[in-house]
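As structure tokens, the structure follows; a few thoughts come after it.
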Amino acid sequence: MPSLRRVPLRRVHGPHGMLNPLRAWEELAAAVPSGLGAPPRRDGPFFVPLSKFLNVQYFGEIGLGTPPQNFSVVFDTGSSNLWVPSKRCRFFSVPCWFHHIYNPKASSSFRPNGTKIAIQYGTGRLSGILSQDKLTIGGINNVSVTFGEALWEPSLVFTVASFDGIFGLGFPSLAEDGVPPPFDVLVEQGLLDKPIFSFYLNRVMVGTGLTLCAQGCAAVVDTGTSLITGPSEEIRALNRAIGGLPWLAGTHFIRCSKIPTLPPVSFLLGGVWFNLTAQDYVVQISQGGFRLCLSGFQALDMPPPAGPLWILGDVFLGAYVAVFDRGSASMGPRVGLARARVPGADLGGDGIAQAQFTD
């Protein structure tokens, strides 16, 4: 049994106004060879590739069925269901026209379930039915999972998304209809001895003296959110401090020439300071000779009791390695953070990042 299982990621840029985890509005910026991963070695890790889109969205490839039907999915710590578009989707469900679709008749291991399911995200929703089939991920195969076949995706964000579906990594309590999350299935079947996974996504205090959230506030780390979000009043003050100019849909424009002079932004988490430079928190988009720089901070007001809340999304995770430990009977759930070994650098120089599933 290997000690570490890795899923290579691809990275994509997504539109700032779409949150958790639905954002995509440009062509794939860089492509890496896709695949479902090599068979696991007995003495080391294996990988599932993740792709990139504009530095703020990461997705990787999985397979469903026998033989495997390949899909690009967002690995999302903010939700717990696995779903992909279905060949049986409604005619006017436009996302099915532009994405890979699951065909149950093409799989010898398909098992019908038929339970109806509906999932609501921050800016998108879908409905469909549950089915059961074999999952292939990072060299692991023949894992029986229950997943959603999306029959109706009325949200525009799914039409323009660079991914096909979503692979939820959240707690079982977040799963719609009590469906066992695929990560938990891997643990229960003994394919992962420890309920731990981590992300290395390559790609508060402001250096001007501004201090936000002085009395402390709640924060979550979420791979399904592209940016760093927080209460609107504090985000407005933060964007003013870094020279952000209001732009479209709540985003803030940054003068690209100012990046070398912008102040650092630091987060105090568990008594430890985590610093972001302007290279970390400014999203830089270049296409056709045109360069656009946008703030990685966006307002999102969450009412009590869940809020107010800060969400540290992929802008934060681009600079830090995050390890998610679901915990055990003797120890509660934990999140570990460490500075990426080469800040802002791409693994292998080709835009590959990794999701690791630990034995």
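If you go along the chain as it appears here, the first residue is 1 and each next one adds 1.
Every residue, even glycine, has its Cβ placed from backbone N, Cα and C.
Keep in mind the model is a prediction, meaning the values are calculated, not measured.
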Partner cysteine of CYS96 (disulphide bond, per TrEMBL) from CYS89, CYS213: CYS89
Segment confidence, the domain 'Peptidase A1' (58-338), expressed as mean pLDDT: 88
CB within-chain contacts under 8 A for CYS96 (disulfide bond), separation at least 6: PRO85, SER86, LYS87, CYS89, ARG90, ALA150, GLU153
